[in-house]
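What follows is a short report on a single structure.
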Amino acid sequence: MSAIVETTETEPPRTSGQDVPAGTGSPAVCLSRGALSIGQLLAVFGFCLLFLYHNYLPLFHSDLWGHVAYGDWILTHGRLPDEDPFAELAAGVPVIDTAWLSQVLLALAGRGPDAEWLAHLFALTVLVASVVLARAACERSGQWGVGVACSALAFGIAWSRHAVQRPEMFGQLCFAALLWLVVRSGLMDGRVRGNQPVSGGEGGWLWHAAVFLLFMAWANLHGSFIVGLAVLAVLALGRAIDRLIACRSLSATVCHAEVQRGLTALELAVLGACCNPYGFDLVLRTLVFPVHPNLAAVMEWFPLEMASLEGIPMALSWILTTGVFRHSRRRVSPSEVGLLLLFNAAVCLRVRMIAWYAPVLAIVLAPHLAEIAARFGLWERCQWAWLVRKSHRLTLMAVLLVWMTFVFSPISRPVLGGDPRPATQVFSHQTPLGATNWLLQHPPEGLVYAPQWWGDWLVWRGPQGLRVMATTNVIHLLPSQVWQDYLAIATADRGWEDRLDRYRINTVVVSRELQSCLVRAVEQATGWTVVYEDSVSVIAVRSTRPQTESGNVTAPLAASGTTAPEGNRP
Amino acid sequence: MSRPRPGHFLALCHVAIVVTGLAYGAWRLEELQASQRLPTPQREPRPIVARHHDPSLIARERLRRILARLQPRFAGRRPKINHIDHALRMWGAEATFDEPDCLSGAELRALLLDHRAFAEAWGPTTKPFLIPDTTGRGDLDFRTRGGPATASHVDHTLACLAEVGTPTDFPVQTPRGELPLQAAIEHALTGFSLNQEEYEWSTLVWLHYLPHVREWVSHEGQRITWDRLADRLMRQRLSQGVCFGQHRLMSLAALLQRDDDVRYLSPGMRARIVDHLRDATARLEATQHAEGYWDGGWPGVEWDGSPLQSTGPLGVRADRILSTGHVLEWWLYAPAEALPSETVLRRATDWLADELEQLTEDETRRYYPFLTHAGRALALWHGQEPHRALRAEVSANGANHREPGAPSTTADSADGGAPVSSTSEMDPEFDRGADILGKNRTNRR
């Protein structure tokens, strides 16, 4: 890892955040090691805020709990589930658990003294991913300031997904690590140090081993490892195109060391990704996963819409990219073009891909931004040289900042003590806490209809053995007929009661905010009684059915084990 | 000639690795998809036979009178497909009738499987009942739930054809040429979902044509096992479903019978089905009206309440005949432990026979589909297939036949009909089924 430039207070300022070779070992340099500038202090402050914010972020009411429940199931049974253990309607559909390791980690956190451990794990993961991404952008641009700015840029573009507390967060961490590895190895298009390209990279066996190990972990943590493979494939192709343009010989291109290094990295990555309980099948299943028909009804798998939380930052990113490429004199490499084309197309097709597009954009733009900044002499012109003046006092302030962040964030409670936060603060406001309490007091019999995004929570925190129609984890596992029925019930479509009958559902949990049609339907339907309601949820159960003409009372033999009574014959 | 450089060798290695990887991926993907290939049905449907009979339940002369009223008098008019497939199921493909306005079994089947016969009966402007090539893969569908010229339930026609022993290579004349019946079975298999609205007849189709298959994967990616089918059949409230849920019980009884042959149910599931049927019978015993009938409220109170009070479009009397006829029919196939007491059975058959005899011609025409269930049930309880019972009675009456040494029964004496033995008039198929199972109700007593 290259060292960040270290200067004493008396040294003349360099261009902001430039990297220089590591210290020579002289006493002065050793003494200056660890000194920070105000700019770096601000960066530390930014990362502290990032951690603090994410640590206080309420735990989302959706699939997080499904993953915790899965992890808990794995830990309890000591194996991976063959079928979904919580949604009986998905019985007979094999589960490929692409995130089993993440789920185990989440379950271990969930087994902590309280649910806040999940928030600690989330905040730490986000922090590390952001720092690694900043480091990668810094390596690529040669300026730590640009690196931090690019990390912030990625965070801003993917703002709509910043609160995603699920195994994807580990995928984001792996993605940042991959970007750092490819930048560091020079696989992308060579590294820059002090505005000068650095020839070659660190692509020895250690680097290859790191790629292999990274993908081995990633494939077990989250299905997004496919995105990493795509990055490596594009980079290998980019290098090949680069060489082909340079030497105009296919033979020379394929024999070129850089091209072969890219290919080797890709092969090792695939090999690493195959080191999982499902082997190569995981790669295949993950590849075909996005075309599953049930996902067409899930918002995060929709195509990009410009007037949306993702569309606006995408539009801004396009404007930024155009501006940067217009003014940058740095050559735009085929790898950069390939990456941008691939990830833009991915976002246009599936909006959730913005989470992977943002870091790629940051890494691609980083050297161009640095080049523009250097060429225009932004730092000197703005008289911001004081930003890079270094001091150990600033380092102490940074330490103080980190300590204060620790003290004021919930993560300090296990160390420093204190009362746990109330549930209303720990869990997101859409979490059906009241409905869960009611269900705990009145455990329902039979299958329960609940929004799929609450299904996970209800399975985890609801009555023991609660059976729900759908959870977020089984959207792609549910037979399409069940999923269509679920959607029709969710919108109180014509025949919604008949569909409930088909599954013998007598208890319905409804989200007030997102299922207003169904709320109205259960409130107005004659066969239903609302038994619980608050500002978040409504619970309705079937009214007692009227007696028939026969009017007999019989108990199922299977349940009672007794002979049915003669009954009251008319 | 220049020596190859190490770079060339490495490049070749990369090419080999990439090509091998891609080839393996393609092969593995193909293999994964192949595991979801639908099973091939066997040519001859394996019959599901009645397990019990008791000739004393209904006298032969009375049965003959009832069966005579239920002959398929559909010649020369626009016969409802729902009537045709029910008639075919009741009378069988070999049935023939002396009445000129009756269609033979072969003619009934032709109306279902030959577009020329259908077009002749319904005219050229009616949409064809047979819909070939819906997916471009040479499949065949039956127009369903679209009016009188269409089938009334999903896979009902196919189940009827299976029950009368139609082989998979039976030629089907569609508006666009000939297809084997297998095309229709494959179409049904392709579209089958465990959670579709109607699945009772689909189950019967699978039981007839797929007895050699233990499991398969549906188009939804769900592994369909017989256990899972049984679980689905027992999921809903007892009275929900077509004909007050009786068809589900019929399918469950058929599942148990098939399991006697091939043991594809898990022991736990088999026990669950038996319990379920016993429970249904206990409820039926408890809710039988003093006169002997049942209606839509037959299950009584279940754990989640009573059935909703509702009367079918044809009225209370029709509901009672429908319910009672279907109950008597599925009991024929139920295991011995799920049978009711003799009193209950006799009261039900007496009431049903009385009602069928009192029906007007107009009522018989309107109620025809579920009357076929009632008539078939009475005939099989008597110990004969309906068409054999009708023809045998005709010949017996004509010759004033009385079998020497045959024991008399209460019913025979009461009705004044000729006494019959329990087995002398059974058709070979029926006899075989009863012998194999060793659970002949009459003998059991």
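Just so you know, glycine gets a Cβ as well, placed from its N, Cα and C.
Ranges compared are A:143-160, A:161-178, A:269-286, and TrEMBL records transmembrane segment for A:143-160.
Per TrEMBL, the range carrying the annotation transmembrane segment out of A:358-375, A:394-411 is A:394-411. Tertiary proximity for the transmembrane segment (A:207-238) is limited to same-chain residues at least six positions away from its ends with a CB under 8 Å from its CB atoms, namely 98-102, 167-168, 170-172, 174-175, 177-179, 181-182, 184-185, 187-189, 201, 259, 262-266, 268-277, 282-283, 286-287, 289, 333-339, 342, 353, 356, 360. Long-range contacts of the transmembrane segment (A:394-411) within the same chain: residues 34-38, 40-41, 44-45, 48-49, 51-52, 55-56, 116, 119-120, 123-124, 421, each at least 6 residues beyond the stretch ends and with a Cβ under 8 Å from a Cβ of the stretch.
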